[in-house]
Amino acid sequence: MSPLTETKAGTGFKAGVKDYRLTYYTPEYETKDTDILAAFRMTPQPGVPPEEAGAAVAAESSTGTWTTVWTDGLTSLDRYKGRCYDIEPVAGEDNQYIAYVAYPLDLFEEVSVTNLFTSIVGNVFGFKALRALRLEDLRIPPAYSKTFQGPPHGIQVERDKLNKYGRPLLGCTIKPKLGLSAKNYGRAVYECLRGGLDFTKDDENVNSQPFMRWRDRFLFVAEAIFKSQAETGEIKGHYLNATAGTSEEMMKRAQFARELGVPIIMHDYLTGGFTSNTSLSHYCRDNGLLLHIHRAMHAVIDRQKNHGIHFRVLAKALRMSGGDHIHSGTVVGKLEGEREVTLGFVDLLRDDYIEKDRSRGIYFTQDWVSMPGVLPVASGGIHVWHMPALTEIFGDDSVLQFGGGTLGHPWGNAPGAVANRVALEACVQARNEGRDLARQGNDIIREACKWSPELAAACEVWKEIKFEFETIDTL
């Protein structure tokens, strides 16, 4: 045998393949305050012990590979390796387990959600020993979260900028989402803002298409904002989507929005990417722009119960990367969202400190320290009859966004906006008077209809509209 390949006594290296669990399954490990903790829902292939599967997840998402390598001896694996420190069976499921993995902080670059995700979920989800794998939650320690700027401004600063307090904010996505000219688009924005909404919004797939180039849209929308502000005396905004094919083009659009003097822009953070999103967030803080975030493509990643990444993880990632608003589902509308699960990640977006609560899908206590909060945006298939439930579920620190529920009003856009504003004001007043929105919501709306013909017409149109389908992603 060549002396270059011979295994010598005492060197600690022996070529070959060994079980992951011999190195990466450490049930005796006590987690550190600085560890990043992950909860994976894993479904091993038949015949693969859960300890081996959990150890494989820890190994392949940190320092491990499929065989022993001699360069392991050139570093301290014990310092850098991920550790599967606990495994528990999932109640009611055969061959499904929650594996808890601890990662040392030194594995991750500061201020980089991109690097965090590349490490933890970048490779291991295709591992053959696993039939399915889902990242259910992450615990981000303050030692790591404090390296991030977080949201450009946060909830309180946004309220101060808008001078609006004590109620949810009202929005509307302009429809049809594609096909309008820039001038007609601006007209719809003006009518909605003039009717009483706080915000209007570009749809997530409105970028710069042949029927409406971005610069034309920005100019006509800015005119609509300033005209509606002058007539109502309220600060108004429109989420101008800066998402583009390159980061450089995205920044050019953001800069033009700032030059126009508008208050808020928008980004599709999953399709645009975390690196672009963090750059845009930093620009928004430096230049006084609010940043609305759309989660386009999220259901591809988070909707299946057994495989992918839960949205609570994507929400935490967004809070670190930066955004002042993010779409969160509605509970009552057309899009997926179980109530307790939705409220769990809404709290993770807004609050400073969130206790572990498995009944809401929260696997770890999360301390954001001083990082600003993010406003959840309820949007998708909602209308005036939903207003009491939305006000009760989401509270004041939220944006309630009605697209078809505004523009579908039989009398037009402005009356649709009036109907939503009246319904919201009625619900907030009733709540402040001590009435139960959950039980008396319909009565509150009917009473408001008596002095608002716009609301009465909206109630008549949507009185039978419901989206009653079973939620796929349950606890």
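Cβ coordinates come from backbone N, Cα and C, glycine included.
Here Swiss-Prot has ASN123, THR173, LYS177, ARG295, SER379 binding substrate, and the candidate from HIS238, HIS327 in that same listed site is HIS327.
Residues LYS201, ASP203, GLU204 make up the record's Mg(2+) site, and a Cβ search at 8 Å around their centroid adds THR173, ILE174, LYS177, ASP202, ASN205, VAL206, TYR239, ASN241, MET266, HIS294 from the same chain. Counting only same-chain residues six or more apart in sequence, the Cβ atoms lying under 8 angstroms from the Cβ of LYS177 (substrate binding site) belong to ASP203, ASN205, VAL206. Using ARG295 (substrate binding site) as the reference Cα, a 10 A cut-off selects GLU204 from the recorded positions LYS175, LYS201, GLU204. Neighbours of GLU204 (Mg(2+) binding site) among the recorded positions ASN123, LYS175, HIS294, HIS327, defined as a Cα within 10 Å of its Cα, are HIS294.
Non-local contacts of LYS175 (active site, proton acceptor) by the CB criterion (under 8 A, 6+ apart in sequence, same chain) comprise ASP203, GLY403, GLY404, LEU407, GLY408.
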